[in-house]
Each structure stands twice: as C-alpha cells, then as structure tokens.
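Over in TrEMBL, the protein carries these features:
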| type | residues | note |
| --- | --- | --- |
| TRANSMEM | 25-51 | transmembrane segment |
| DOMAIN | 43-294 | domain 'G-protein coupled receptors family 1 profile' |
| TRANSMEM | 63-89 | transmembrane segment |
| TRANSMEM | 101-122 | transmembrane segment |
| TRANSMEM | 143-165 | transmembrane segment |
| TRANSMEM | 199-223 | transmembrane segment |
| TRANSMEM | 244-266 | transmembrane segment |
| TRANSMEM | 272-293 | transmembrane segment |
Amino acid sequence: MSNFWNTTSTSIIFLLTGVPGLEAFHIWISIPFCFLYITALSGNSLILFAIVTQPSLHKPMYYFLSMLSTTDLGLSISTLVTMMGIFWFDAREISFNACLLQMFFIKLFTVMESSVLLAMAFDRFVAISNPLRYATILTDSRIAQIGVAIVIRGTLMLTPMVALLKRLSFCRSHVLHHSYCFHPDVMKLSCTDTRINNAVGLTAMISTVGVDSIFILLSYILIIKTVLSIASPEERKKAFSTCISHIGAVVIFYFPLISLSFVHRFGKRAPAYVHTMIANTYLLIPPVMNPIIYSVKTKQIRRAVIKIIYSKDT
C-alpha cells in the first residue's frame, strides 16, 4: 500500500477538476467558456493577420501588438484542450509529464505577456518623449532582438521552476483543483519538502512579472511627466490617447492576477466553485479583451480589421 501512495513523479496520473459541485451542469457551463475561447482565438488571429498583411501596420507599435496577440493565442491554446475536455467529455486524467508541459507553457506565456506589456510601455515612452528619434531607436532589428530576449528570459527563468517538480514524490490525493496544471496546486499534493520549489517559483515570478510591473509603473510616471510639460492642451490629449489601449491591456492583465492571489489567500471560506471559476477566467480575460480594446481604441487596427472582413465577404 505504501508503494502505491508514495509513487515517483513519472508514473503519476493527475486528475483535473472542472467546477466542483456543478458537475451536472458542465455542458451548460462550457457554452460561455467555448464562446470566450472562440473570441480569443479569432480576435487575436485576426489582429495578427492584419498586422502581417497590411504594410501600413509595419511599425514598432504594431509589431509589439503582434507579439501580444501571439502570447494571447499561446495562453488560450495552453488551457483549451484540458478545460473543454473536462466540460465536454469528463476527460480528467493527465500524465505528470503532460502536466509539467502544460504548466510550463501557461507560465511562459504569462511571463511573456508581462514582458511584452513592458516593451509596449517603453515604446509609448519613446514615442512621446523623443518622437524625432523614435524610428531610429526602435528599428526592426532591435524589435526582433527584444522579441527573442522575451522568449529566452521566460524560458531561462521558468525551466528550473518546472524541472524541480521532477524531484518530488506524491503520497496524497492526485486530484488537482483546477482544469489545468497550476504550479502551487501540484506542489500541495507532494509529500516531499517543497521549500526549494516555493523559493524558486516565487523568485521566478517576482523577477519577471513583479519587476515588469514596477518598470511599467515607472514608464508611466515618466510619460505623465513628459506629457505635463507639453504646453498645448490638444497635444497633451493626443499624447495621452496613444496610451489608452496599452493602459487597458495592463489593467486586464494584472487585475485578474492580483484578484486570484487575493482569493487564494483571503477567500478560503468561499465555495470551491468560486476559486475554480476565477482561476479559469483569469487566463481567458486578457486574450479575450486585448483584441477588443485595440480594435475599439486604435483607429488603424480597426480599419485594417474591417478591410480584411469586407474583403473576405466580397
């Protein structure tokens, strides 16, 4: 019996969880989630296609937006199979290695999104504070280097965090509390000392998402300082308006992330399905909302998207 419970990580099959207490309604619950996935995948694909095919959008700001759409697509695809598999087919089993792979990509695309938002904040700062040198500072090659650096940074920071889970053994329940593999969720099931894992995981998130949020805030302090020094009210309004979409993207990325942390820390008495629904939607809100925000607030994107839609109809 002890050999059964104290299993090595490679032989483990985890059981994912849908919405606790509402299993009978999984088909109905899947409808809004399916709609969100379709919106996220189609919206981000459309923006990505518009930027690639429209020469007028071959500018630094839109290159960064294409990176944001790519990370949003990756984040959506990372959870799509397991979440809809549970809702539609009650397919709850996932092997340990598959779990690690999913966890890695969820974390990677989350960190990449944070990094892209920081790069976009830098883009807005350069555009407002030094518009004459904007094109020479943010060249195509430099933007490509930033993109590569974002991927390498995320990979190097997250690989140790995920790889260290291989050393754990599990002697408790193998039932996870989400419809995807969540790093703290997996660690809670281990009967091995996880202090190193906790330290590495916390360090990885603080040095990526935490540091990025601080630099984004500093960027906007400098942007506000620059804008307030502009004499013309019309020019101030125009400068601020170029930041609206990015501010919206930052809010919808960090607010759900902070909300989930607060719920996990202070909402222990809340029903289990509340935790699950928030955990599910927190990964879907940015991919769903970012295309909508940029399509509504950015005239060039809106025109390009409308042009593509009408050209397909004709």
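Yeah, the Cβs are placed from backbone N, Cα and C, and that goes for glycine too.
Bear in mind that TrEMBL entries carry predicted annotations, made automatically and left uncurated.
Here the transmembrane segment (143-165) has Cβ contacts under 8 Å with residues 9, 60, 63-64, 67, 100, 103-104, 107-108, 111-112, 115-116, 119, 183, 186-187, 196-197, 200-201, 204, 207-208 of the same chain, all six or more residues outside its ends. When averaged over the domain 'G-protein coupled receptors family 1 profile' (43-294), pLDDT in the model lands at 91. Away from its own ends, the transmembrane segment (272-293) comes close to residues 17-22, 33, 36-37, 39-40, 43-44, 46-47, 68-69, 72-73, 75-76, 78-79, 83, 106, 113, 177-180, 182, 245, 248-249, 252-253, 256-257, 259-260, 263-264 of its chain (Cβ-Cβ under 8 Å, at least six residues beyond either end). Nonlocal intrachain contacts for the transmembrane segment (199-223), taken as residues 6+ away from its ends with a CB within less than 8 angstroms of a stretch CB, comprise 107, 110-111, 114-115, 117-118, 121-122, 124-125, 128-129, 153-154, 157-158, 160-161, 164, 183-184, 187, 239, 243, 247, 250, 254, 257.
Listed as Cβ neighbours of the transmembrane segment (244-266) (distance under 8 Å, sequence separation of 6 or more from its ends, same chain) are residues 68, 113-114, 117, 120-121, 124, 184, 209, 213, 216, 220, 274-275, 278-279, 281-282, 285-286, 289-290, 293-294, 297-298.
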